[in-house]
Structures are given as structure tokens and as C-alpha cells.
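**Q** Per TrEMBL, the features are:
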- Lys52: active site, for sulfotransferase activity (ACT_SITE)
- Arg165, Ser173: 3'-phosphoadenylyl sulfate binding site (BINDING)
- 43-182: domain 'Sulfotransferase' (DOMAIN)
- 1-20: region 'Disordered' (REGION)
Amino acid sequence: IKCEEDQQHRTAAPKKQRGSRTHVFTCTLPKSNDTVTTQMTIPHFIIIGAQKGGTSSLGKILDQHPSLVKSKTFEPHFFDLSIHKLVSQLTPQDLCKLRQSYSSHFPREALHQLLLDHGNNFSQGKNHTPILLFEKTPSYIVYSKIPDAIAKILFWKPKILVTLRNPVDRAFSQYKMARQNQQDY
């Protein structure tokens, strides 16, 4: 399978949609030469970090901005569910399927409405702010191969935002949370 981004469709997008990351990919199947076209919504950045390190707070703050759209899934865990172990063995067909699967974590409906709103603002001469998509999965920080998996599967290379916290403060906060939840520590 050969999977390529459809550059013709991407460059033909109206100005009001250029800030979004909805791309069209065309996959050609080797035996039949059939083509499958799929539209994917892709993120501009990914938030990672330690538990009790501020990722949820950052995600909530960013989600309040009218031009930022978070993933539909609270924490997709797309790359830490064994994909990072298999990244060197992925075929182009696997990559295309994984990109489609990853794209399903982002809200096309909400993005479409934002694009319409932005288009209306743009046509009325108001400032145009690009729409940025993001996801938050703190545990990506744990696995050393996840950056390689992100780079291979998400070839547009989204930014990775890392939140860190003083280790003593973080450990104490986690301890307090465990005590509230009556977990043994």
C-alpha cells in the first residue's frame, strides 16, 4: 500500500481552513490498484508529563481558548498501548491504518463548526486565528520509544509539550491522592 497526502486537495483548501489540520490521504492498494481516500484530523501538539505534574491543569486551561480543540478522548493512550514496541516493524499499510485510527480521537464535528465560525469572522474582516488541535496523554513520558513512534506515524511532527514538577512536591501530591482514594502506599 502506498499512502500519500493529497497535496492537490490540501493546497486547494480555502483560506479560512488553513489553520486546521484536516488532511486528505490517498492510499493505493498494491494488487488491485484501488485507491482509498480518507480525511484525517491531526493534532498540532501533544501534552505529556508525570502524574500529578500539571498536565490536567494545562489541558483545562488550553481547552478554554476558543481556537484550541482537544481530543474527544480524555487521554487517548494511542502510543503507549504497545504501538511504540512495534514501530520498527510497521508497513506502509499499517502506518496508513494507524494514522486513520489516531485521527478518530479528534472531534471532526466540533472542528467543522469552528471552521465555519472562523470563516464567518474572517469574511466579516475580523482577525483570523488558526485553529489548533491537541491531545493530552501524560504517560507518554514513561516510554523512551514513544518519540520515535510519534515521528514515524505522525510525519507532520506535532510539538510535544512536557510538564514537569518538583519531584518532592509531585510525590507528596500523589501520596495525598492515594490516601484520599484509600490506596496503600
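Residue positions begin at 1 at the first shown residue.
Positions of Cβ are set from backbone N, Cα and C atoms, glycine also.
Heads up, TrEMBL stuff is auto-annotated, nobody curated it.
These numbers come from a predicted model, not from an experiment.
For each feature listed, report its degree of burial, its nearest neighbours and the pertinent distances within the displayed model.
**A** Lys52 (active site, for sulfotransferase activity): 18 other CB atoms within 10 A of its CB, across all protein chains.
Secondary structure from DSSP puts Ser173 (3'-phosphoadenylyl sulfate binding site) in a helix. Around Ser173 (3'-phosphoadenylyl sulfate binding site), the C-beta neighbours below 8 angstroms that are at least 6 residues distant in the chain are Lys52, Arg165.
Residue counts for the domain 'Sulfotransferase' (43-182) under DSSP, split into helix (H, G, I), strand (E, B) and coil, are 71 helix, 18 strand, 51 coil.
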**Q** On the 0 to 100 pLDDT scale, where does the domain 'Sulfotransferase' (43-182) sit on average?
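**A** Averaged over the domain 'Sulfotransferase' (43-182), the predicted model reaches a pLDDT of 82.
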**Q** So how many other Cβ atoms are close to Arg165 (3'-phosphoadenylyl sulfate binding site), meaning within 10 Å of its Cβ?
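**A** Result for Arg165 (3'-phosphoadenylyl sulfate binding site): 16 other Cβ atoms within 10 Å.
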